[in-house]
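Report on one structure; see the data block that follows.
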Amino acid sequence: MDSGALWQDLGWQPDTLQARSFERLYALVLAGNTRLNLTRITGREEFWEKHLFDSLRGLAAFQDQKEPSLIDIGTGAGFPGLPIAIAHPDWYVVLVDSVRKKIAFVLSTIQALGLTNAQALTGRAEDLAHRREHRESYDLAVLRAVAQANVCAEYALPFVKLGGAAVLYRGNWEVQEEVELARACRALGGEIVEVDAFELPVSRAVRHCVVIRKTGPGLRVFPRPAGLPTQHPLGAIEGAPRVESEEPEEP
């Protein structure tokens, strides 16, 4: 399947510069992968589908938004943030990860691609979200292959402006996950507004994008210190087994 057919499923086509940037991104990831073990997804078609298409499909509902600020939490090798920055040169994209070597790769990639609308930071969401320059400062937050949905919400919503949204990229989606996420959102000032199910165009694998709208300020204590969100997830149903949802392939 050629990459042009993938874009048709998005209702969008890259211009010549963007197409070259995607090709260059693929080459840079392959080169970086020999040193850093960035991703298991290295085949061209699989990369195009699971890193590029999937990254952009998650924000289909926001394609026409004008000059939003976006934070990609737990970006890893730069997904979904780098494809978003390439596809939307008028968006301001901040990519965050706690692993310094990965952020060094992302920074070098931003420079190599000439992306003037993106920057990368080393740090944990639990710390950065309490800094004034990041607290409730972004129109959108995205998380892909990071943690359970309710944990992701605790990481994301403190970064989001009132009226903004967090988008969680998920694989399978279970009823228990949605119940626990809704419970967590009540403490975080959020509300689930959409669970968008779709198929990837080549493998036909099912994906879900969960959109959470920021409706209130939430409690200042969130996110809790590092470790607590995963050890004691907000909204978890006591006695229920932890849902290990299949997430999008880790970068």
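Here the Cβ of each residue, glycine as well, is placed from N, Cα and C on the backbone.
The S-adenosyl-L-methionine binding site annotation in Swiss-Prot covers Gly74, Phe79, Ala125, Glu126, Arg144, and the record cites sequence analysis as its basis. Among the features that Swiss-Prot reports, region 'Disordered' is placed at 224-251.
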Fewest other C-beta atoms within 10 angstroms, as judged across Phe79, Glu126, which are the binding-site residues: Glu126
Sparsest Cβ surroundings (other CB atoms within 10 Å) among the binding-site residues Gly74, Ala125, Arg144: Gly74
DSSP three-state assignment for Ala125 (S-adenosyl-L-methionine binding site): helix
Arg144 (S-adenosyl-L-methionine binding site) - helix vs strand vs coil (DSSP): strand
